[in-house]
Amino acid sequence: MPNLEELWAYLNDKFREELTPVGYSTWIQTAKPVKLTKDKLEIEVPASLHKAYWEKNLVTKVVEGVYEFAQLEVDPVIMTKDELQPAPATDQRPAVEEDDQNLTFKAKTHLNPKYTFDHFVIGKGNQMAHAAALAVAEAPGTTYNPLFIYGGVGLGKTHLMQAIGNLVLGNNPAANIKYVTSENFANDFINSIQTKQQEQFRQEYRNVDLLLVDDIQFFGDKEATQEEFFHTFNTLYENMKQIVLTSDRLPNEIPKLQERLVSRFNKGLSVDVTPPDLETRIAILRNKADAEDLSIPDDTLSYIAGQIESNVRDLEGALVRVQAFSTMKNEDITTSLAADALKALKLDDRSGQLTIPQILNAVAKYFQLTVQDLKGKKRVKQIVIPRQIAMYLAREMTDNSLPKIGQEIGGKDHTTVIHAHEKIMASMTTDENLKAQVIELRNILKNRG
């Protein structure tokens, strides 16, 4: 049995890398581990809002992290302090066979019941993705196969993916549904090789009615895993079984992804999700407040929504922080209280607020050009390289989709943005002057204002 403190430190490091500073301070730093047994990890959180968020967004990552660290399959149990009860002595059970521990591909795959279409707030940034996901859920395997949903962190890709699974299961309880992250798939494949059970692995993955694979971009540097997934994909596609994939970028932008996989991922429909606009952010907060029975004025919701522009996770994290601050001070939630609660997050400094026009202005000023030069069609070197740098910075420092970046930088095609990003990345490895310019511009943009 692994040391609980060491395991928790490992999970903390993973969350610190994957979450924004706002998310990490709100959800992870306020939680603490209570007990670890062979099949259960108890985690204490301060309030019911934290519990709901953990159960909706973080338990799957805990399961993956514990398996990576200790090769244990556990069910995370999230409890508030009031709910926490001493675990009965009968929780201690004999260790399972080593072979059984390795058969991760035989473990049940749990869809989060809270990820439904009813709980999804539709806005301009996700309405096409929502419509496509709903169409797939209502008639799996017949249209948009595969469905490829891409966009930044915390924008609802996993929610939509699991909503498809939950609706399919609701319509057909006998449906065989498999939800995994790309890391799960890779680990299962490796374990099947080590235990000489590749045939069982293939039976598990190639006989499903619906395969949901999250964060497919992590396949990029795994050649053998890509080979296995290629054959899995082909089998399911030929049998008209539905495949849904998510990624933080388009298929042809994933580094080291085989061309034949890119081609297959592009067979269906690719839809993006972008950061929610103000109206959608307010609706998300109202939906969350109503679900948690929180009394909060509309003007306060508007204030919070105006402070958090990055993603839904940070938005919900801000609401939880305000609710906790209200409880601690024993005061009603007001705009003034919300401002005090969010002050420590230094929201005015976060890079998530950076816009493409700000990048264009900074790049134009730096290279003594005009914004119109960058948006124009002139192909002289003195303009082309700054234009490519602007596209590179927009891709690296904002959550905007490739089509959005291209549109705002002179109506360019998304493939032009991909080329510019790759060109600047490659050039920085050999051109020290260019690298210094990009670093200096990054610092200017980070320290703007």
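Just so you know, glycine gets a Cβ as well, placed from its N, Cα and C.
What Swiss-Prot annotates here:
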{"type": "BINDING", "residues": "Gly154, Gly156, Lys157, Thr158", "note": "ATP binding site"}
{"type": "REGION", "residues": "1-72", "note": "region 'Domain I, interacts with DnaA modulators'"}
{"type": "REGION", "residues": "72-109", "note": "region 'Domain II'"}
{"type": "REGION", "residues": "110-326", "note": "region 'Domain III, AAA+ region'"}
{"type": "REGION", "residues": "327-449", "note": "region 'Domain IV, binds dsDNA'"}
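Features per Swiss-Prot, on structure.
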| residue | record | contacts (Cβ under 8 Å, 6+ apart) |
| --- | --- | --- |
| Gly154 | ATP binding site | Thr20, Gly23, Ser310, Asn311, Val312, Arg313, Asp314 |
| Gly156 | ATP binding site | Phe120, Asn126, Ala129, Val273, Val312 |
| Lys157 | ATP binding site | Ala129, Ile149, Tyr150, Gly151, Asp214, Thr246, Val273 |
| Thr158 | ATP binding site | Asn57, Tyr115, Asp214, Thr246 |
Check the region 'Domain IV, binds dsDNA' (327-449) for me and report the mean pLDDT.
85
Relative to the mean position of the Cβ atoms of Gly154, Gly156, Lys157, Thr158, the recorded ATP site, which additional same-chain residues have Cβ within 8 Å?
Gly151, Val153, Leu155, His159, Leu160, Thr246, Val273, Asn311, Val312
Please report the three-state DSSP label of Thr158 (ATP binding site).
helix
